[in-house]
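Written out below as structure tokens is the structure these notes cover.
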Amino acid sequence: MSSSGNISRENKTIFIVGTTATGKTDIAHQLALRIGNAEIISADSMQVYRNMPVLTAMPEENKRTEVIYHLIDYVDITQQYSVADYYRDAVDCIKNIHAQQKIPIVVGGTGMYVRSLLYGIFESPPADTAFRSEMQEIVEKKGCEALFHILLQQDPVAAQSIEPRNVRRVIRALEVFRHTGKRLSELQLQWHQELNCYHHQFGRLVLWGISRPRPLLYQRINFRVDTMLKEGLLEEVNFLLSNGIEHNSTAYQALGIREMRDYFSGTLTLDGAVELLKRNTRRFAKRQLTWFAREKDFSWYVVTKDSAIPKIIDNMLTLI
């Protein structure tokens, strides 16, 4: 049922953030249906890629006929898609949705995507090809954890928000330190303090977070991984590995690819790969929590049971 008649006509942009498996996308979807004239913009660095619906828990086709979704199933797995790319495309989406007198709902768990829209893009030093090759060699000889350990020593704050397996982002943080003598986290903080406000181009900002009690969140993560297996996780990863996904690509960092690759290679049993994926997903959720804890202007809804969601959405509608 649409509730758009009770909502002011001023331009506004809604943000709904949270860790993986909180159900934030389902809540955003139900909210969009209740509003009646809203569209959803994903802020998920993996849902942006095509051919990864199971790995990324992409909204089902039937939901995408009920509500328009942007920036999901969007670019090829071989393509590098940066925060700057996301910022450009998401800003275009927000402006186009506003031009139609509709409300954009940005939903996702990729902190860098969300912060780019809130604060703008931090302009870092140009790429250093020789340095990147040197860092890539460390990965090839010692593994991505060795490179991440270097980042932990140089910039522990930046390391909190970077997935250790995301080699490209780890190298970029190290590269910034090498060229400026300053930590990436320090430069980003300075940028945000100088800006001292959110982007006003998006109208009034409505900032919400969705969380679950940790034991319940971990249950939901375990259930999601089990569901992924039933929905074709093995077949999807096998397809990606057979169709040119590169080890240094952003898409390859998706949780589930490395774990199932190790099962295919015989390094792990299927049970071992599944348990590793569950553990890695829990660790990923912890890092997301650390990231969003720094954002003080979000109001958080703690969802203890799904039956409470309709009341949460009722409350949201009174605040839009």
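Even glycines carry a Cβ here, placed using N, Cα and C.
Bear in mind that TrEMBL entries carry predicted annotations, made automatically and left uncurated.
Copied over from TrEMBL, here are the features:
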| type | residues | note |
| --- | --- | --- |
| BINDING | G18, T19, T20, A21, T22, G23, K24, T25 | ATP binding site |
| BINDING | T20, A21, T22, G23, K24, T25 | substrate binding site |
| REGION | 44-47 | region 'Interaction with substrate tRNA' |
| SITE | T110 | site 'Interaction with substrate tRNA' |
| SITE | R132 | site 'Interaction with substrate tRNA' |
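Positions of TrEMBL features highlighted on the structure.
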{"residue": "G18", "record": "ATP binding site", "DSSP class": "coil"}
{"residue": "G23", "record": "ATP binding site", "DSSP class": "coil"}
{"residue": "T110", "record": "site 'Interaction with substrate tRNA'", "DSSP class": "coil"}
{"residue": "R132", "record": "site 'Interaction with substrate tRNA'", "DSSP class": "helix"}
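Within 8 Å of the centroid defined by the CB atoms of G18, T19, T20, A21, T22, G23, K24, T25, the record's ATP site, lie the Cβ atoms of G109, I210, R212, excluding the listed residues themselves. Remote same-chain partners of the region 'Interaction with substrate tRNA' (44-47), defined as residues 6 or more beyond its termini with a Cβ less than 8 Å from a stretch Cβ, comprise 55-58, 71-73, 81, 86, 108-110, 112-113, 250-251, 253-254. Over all protein chains present, the Cβ of A21 (ATP binding site) has 23 other Cβ atoms lying within 10 Å. Around the Cβ of R132 (site 'Interaction with substrate tRNA'), a 10 Å sphere holds 17 further Cβ atoms from the protein chains shown. Each residue in G18, T19, D26, G109, I210, R220 lies on the same chain as T20, A21, T22, G23, K24, T25 and has a C-beta within 8 Å of the C-beta centroid of that substrate site, without being one of the site residues. DSSP assignment over the region 'Interaction with substrate tRNA' (44-47) gives 0 helix, 0 strand, 4 coil.
The two recorded residues G23 (ATP binding site) and R132 (site 'Interaction with substrate tRNA') have their Cα atoms spaced 37 Å from each other. Neighbour list (T22 (ATP binding site), Cβ cut-off 8 Å, at least 6 residues apart, same chain): I210, S211, R212, L217, R220, V303. When each of the binding-site residues G18, G23 is scored by how many other Cβ atoms sit within 10 Å of its Cβ, G23 comes out lowest.
For the pair formed by G18 (ATP binding site) and T110 (site 'Interaction with substrate tRNA'), distance between Cα atoms is given as 9 Å, rounded to the nearest Å. Counting every protein chain shown, 26 other Cβ atoms lie within 10 Å of the Cβ of T19 (ATP binding site).
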